[in-house]
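As written in Swiss-Prot, here are the features:
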- 1-23: region 'Disordered' (REGION)
- 213-245: region 'Disordered' (REGION)
- 301-549: region '6-phosphofructo-2-kinase' (REGION)
- 349-357, 469-474, 652-655, 697-701: ATP binding site (BINDING)
- Arg382, Arg406, Thr433, Arg439, Arg496, Tyr500: beta-D-fructose 6-phosphate binding site (BINDING)
- Asp431: active site (ACT_SITE)
- Cys460: active site (ACT_SITE)
- Arg557: site 'Transition state stabilizer' (SITE)
- Asn564: site 'Transition state stabilizer' (SITE)
- Glu630: active site, proton donor/acceptor (ACT_SITE)
- His696: site 'Transition state stabilizer' (SITE)
Amino acid sequence: MGSGASKNTEEDDDGSNGGGGQLYVSLKMENSKVEGELTPHVYGSLPLIGSWDPSKALPMQRESALMSELSFVVPPDHETLDFKFLLKPKNRNTPCIVEEGENRLLTGGSLQGDARLALFRLEGDVIVEFRVFINADRVSPIDLATSWRAYRENLQPSTVRGIPDVSINPDPKSAECPLESLELDLAHYEVPAPAPSANSYLVYAADNAENPRSLSASGSFRNDSTPKAAQRNSEDSGVTVDGSPSAKEMTIVVPDSSNIYSAFGEAESKSVETLSPFQQKDGQKGLFVDRGVGSPRLVKSLSASSFLIDTKQIKNSMPAAAGAVAAAAVADQMLGPKEDRHLAIVLVGLPARGKTFTAAKLTRYLRWLGHDTKHFNVGKYRRLKHGVNMSADFFRADNPEGVEARTEVAALAMEDMIAWMQEGGQVGIFDATNSTRVRRNMLMKMAEGKCKIIFLETLCNDERIIERNIRLKIQQSPDYSEEMDFEAGVRDFRDRLANYEKVYEPVEEGSYIKMIDMVSGNGGQIQVNNISGYLPGRIVFFLVNTHLTPRPILLTRHGESMDNVRGRIGGDSVISDSGKLYAKKLASFVEKRLKSEKAASIWTSTLQRTNLTASSIVGFPKVQWRALDEINAGVCDGMTYEEVKKNMPEEYESRKKDKLRYRYPRGESYLDVIQRLEPVIIELERQRAPVVVISHQAVLRALYAYFADRPLKEIPQIEMPLHTIIEIQMGVSGVQEKRYKLMD
């Protein structure tokens, strides 16, 4: 079957040749430049595709505004399938546009040869090209049968186990009023989403990390020394990364190696703590973390003058937060050693273990909580310094030139992170393999007396996940942006991985968190050693609850309320006639979008306008969250903004100057809302099934800002229109966003 065959064609652990399984194949093509009258199709050989007749080509479904997909199931040993992409006009009298080049070959779930771009020649000899992706996963016949059964069956209501805030509506057939059906496909209601955010699946996570400080305004480093030991192409291509200058224009300044390379002894403490679930009084599950030996020590009493000086020094390192986060930050600042005021999370792990994904997700979470957090990716430093053409030989431990170059950029990234912390930064995420004790000791020596280091090691023993990550890496990483042969890129990356495996040393020193087989979300282990303090505890709790299982999260405001019509703040009014119409359309949308999702749920606030909006949705459990209630307007509740301006001008001006921090008298600020939403975010991260969140403008602004990685200062200005659904698709490749406008 050739060397390019997918992992799914290999024998199972029991020695069978996949006789009990099938391959679920997904063909995807970017279509951001496809005109509205052209739709992507696939046609090809029998029996899998259908026909070489363009009129019988299979349409690709719109997975998002920028991606189309065709998926099908085949045996692992299926015959070679040859096919092509084509663009089909809606006008039948207009000829189809077939992609240029030879036929594509699919064998064992893998595309053979050069298959990363699809080229089309439009009118006027205009050439457009789109990236092409393929993914093949083995699925069992039982899974296929379950999916088909879920598709065919209507979800029947189950009994409620005495929980007052959970309900399931009756079957649609017995509903008193008919739903307002959507006349067309859901794609008809899709509207353009905002420009892709930093957290978008279209953006490689490492590219969003910090740029080197020594990168000048013109985009070049100082000095120049590029190792020539291991480039895949002998000629200097001068290719840029994200608009950055080519490697030949870059030079770099590295700290004196004599002050860096000397390693010191390992930390003596080896106590490993364990995590155990416990039951709180209100029945909610929590997590107990044994502090061990790392509890903060009390500092000596200070005079009044020295105390004032110290508070001035730490003012810039306090989080832009409220509630528990702010209180905990004060305690950590006052009680802990000076170096503990700054926290460095140092990633450890082999390539293709999800380090960068974890780093980006943790950065997003901490920023959303109000902590000044930055992501430093050593791979980005390396690419900016040495280019993107480094082969697997560059990463060999017996290649002294490669080792020196990689150590230099790691030291530079660490220096930049420490310098940023000394200017007031709070949490730095240091993203690299850091796979040897020598490298980790170097980092600890550089951080000594300046910041506290916690190692975060990701271990994965699931070959299927590793293989998937490798293929995603080749598709997304700038390291392989010039490698047109996909399978050649896979082979090179596997060689790189083998080089790291030969010298890998698990973390046993210092403070650390080990995540063992946690990425799949199906269990695994997490170990913590010498961990204490509020923020490290929150990080552990967040990591325990995150996973990579793809699932959609739908965010929508309630239907228009009577207070919306009157322009009044807050309140608990019913929905208007327009809101009732939206409630019916929303129910029809949910029925179409989540028809096969038996485990989906509907979350609302405790206010009646969200419950009335959800009332027409049937067949799914509904959960009320007080945390999803609208921002508390305090004494201004029920007033219009004009009344506030007239009767409380000082409050009106204070809110106008800083909507993020402004707190209504006896009410809440946006920062207060963020703090009460943290349990909601953790639960959304933990969920493996779709969730529909029906809430309010301020609350949805805060939730959306988390998923889109928007700065805190932008939250009060985020547009959150009525009668619009925002679909957030969470998965291994990042976050995809769609928007549906059901009515004006």
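Every residue gets a Cβ built from N, Cα and C, even glycine.
Location within the structure of each feature annotated in Swiss-Prot.
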residue	record	Cβ contacts under 8 Å, 6 or more apart
Ala352	ATP binding site	Ile466, Asn469, Ile470, Lys473, Phe493, Leu497
Arg382	beta-D-fructose 6-phosphate binding site	Met390, Ala405, Arg406, Val409
Cys460	active site	Arg353, Gly354, Ile466, Asp517, Val519
Arg496	beta-D-fructose 6-phosphate binding site	Pro351, Ala392, Phe395
Arg557	site 'Transition state stabilizer'	Ile694, Ser695, His696, Gln697, Leu700, Met720, Pro721, Leu722, His723, Thr724
Asn564	site 'Transition state stabilizer'	Ser576, Gly579, Leu722
Arg655	ATP binding site	Tyr662, Tyr664
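If you compare Cα positions, Tyr652 (ATP binding site) sits closest to Glu630 out of the recorded positions Asp431, Thr433, Arg439, Tyr500, Glu630.
According to DSSP, Asp431 (active site) is assigned to a strand segment.
DSSP classifies Asn564 (site 'Transition state stabilizer') as helix under the three-state reduction. Spatially, by CA atoms, the recorded positions Asp431, Thr433, Arg439, Tyr500, Glu630 include one closest to Gly349 (ATP binding site), and that is Thr433.
Rounded to a whole value, the Cα-Cα separation of Val699 (ATP binding site) and Glu630 (active site, proton donor/acceptor) is 6 Å. Spatially, by CA atoms, the recorded positions Lys355, Leu472, Tyr500, Glu630 include one closest to Asp431 (active site), and that is Lys355. Lys355 (ATP binding site) sits 8 Å from Thr433 (beta-D-fructose 6-phosphate binding site), taking the CA atoms of both as reference points. Within the set of binding-site residues Thr433, Arg439, Leu472, Tyr500, the entry lying nearest in space to Glu630 (active site, proton donor/acceptor) is Leu472 (CA atoms).
Averaged over the region '6-phosphofructo-2-kinase' (301-549), the predicted model has a pLDDT of 85. Sequence-distant neighbours of Arg439 (beta-D-fructose 6-phosphate binding site) (same chain, 6+ apart, CB under 8 A from its CB) are Thr407, Ala410. Leu472 (ATP binding site) sits 19 Å from Tyr500 (beta-D-fructose 6-phosphate binding site), taking the CA atoms of both as reference points.
Just so you know, of the binding-site residues Leu472, Val699, the Cβ with the fewest other Cβ atoms around it within 10 Å is the one at Leu472.
The beta-D-fructose 6-phosphate site in the record is lined by Arg382, Arg406, Thr433, Arg439, Arg496, Tyr500, and its two most distant CA atoms lie 18 Å apart. In sequence order, Leu350, Pro351, Phe395, Thr433, Ser435 are the residues of the chain that are 6 or more apart from Tyr500 (beta-D-fructose 6-phosphate binding site) and have a CB within less than 8 Å of its CB. Annotation for the active-site residues Asp431, Glu630: lowest Cβ count within 10 Å of the residue's own Cβ, Glu630. Secondary structure at Glu630 (active site, proton donor/acceptor), as computed by DSSP, is coil.
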